[in-house]
Amino acid sequence: MHVGRVNRSLALHTTPFRSSCLIQNWGKALAGTVTRCFPLRSDPQIGATFAFAQHSKWSQRIDNDIALSKPPPHQISKDMVVEILKSDQPDTQFPPIDAPPAYASASSSTERTLDPTQLPPLPRQNFLSIRRGDGSIKGTWVIDPDIKPPESVLAPIKPDTTRKNLELLTKDGSINADIWIVGDGDSEQRVNEGGEKPGPVTVDVRSKDGRVKVVMHADEKHLFQLMITAHDGRVTLALPRSFVGPLTVTTRDGKLLFEGSMANNVVTFSEVKHTHKCFVGDARAACFGQGDWTGSIVEVDCHDGSVTVYYVDEIDEIQEKKKNTRGFWERFLRID
């Protein structure tokens, strides 16, 4: 752009004297322009020295390149301009581009066995039943199906019904349950010795008026059947990474949301009359549909509210994301 201006300016002058003066003045202007283009030369004294050097360099090279005795318009050599620009370019050292950070290890997210050190320091229980007419239920329970308490200490059940390993019921209140399913390994040994294979651990969580949150912990050796019912309130469910099985969700007035990596690990087979029939995990590898299913099962019935499902090892990440989202909208909608 500057070279074009020089050519047009030189074309307007026919005398060598005017051309020489104009070239010198343009060299000064260019020196000032170049000085402003390089922020590293912000010191006034350094900038003045740099401008004088640019002016002298341009004047000398223009005088050598242009024969003023020739008729105008005078032209500047393109090779000379390229050489000047290269020599005048400051030596700027750019830092090396860092390599992208290595992906975090996925061993924690794909853990298939429970770490005994992570178990809460609570006694193991079985066939626990909590029924409340009015009030919320909140707690952490470690369920061991190998424990056989006497019938005299257990809650009564209706005839022709099967006792649940864990039952949480309330008519008016929310439920917040952190459930751990463990075992001592005797069941597997009994199966190897020809004994009967134990069935899955049964968990029943119901609230007629209140939201329900269930966090399940279990490894692939301990299967479970989880039933959640919420008549008036949303449902939040965190499943262990080891869970592979059918998931049936009914939402009459709400949405079904899969968050985190759960969204990429679930397939929906059908959605009819507000009921979603899904499968979590690899259905083909699990031989789903080839005979009766004997693995883990989850069923959720939410009459009025949304259902959110994600993996238990992503709770902190998802909660932090929701917290940041709420904080953004609170700041956005705040009226000062």
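Keep in mind that glycine also has a Cβ here, set from the backbone N, Cα and C atoms.
Note that the structure is predicted; figures quoted are calculated from it, not measured.
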Write down the single range among 89-129, 171-211 that appears in TrEMBL as region 'Disordered'. 89-129
Over the domain 'DUF7330' (126-314), what is the model's mean pLDDT? 94
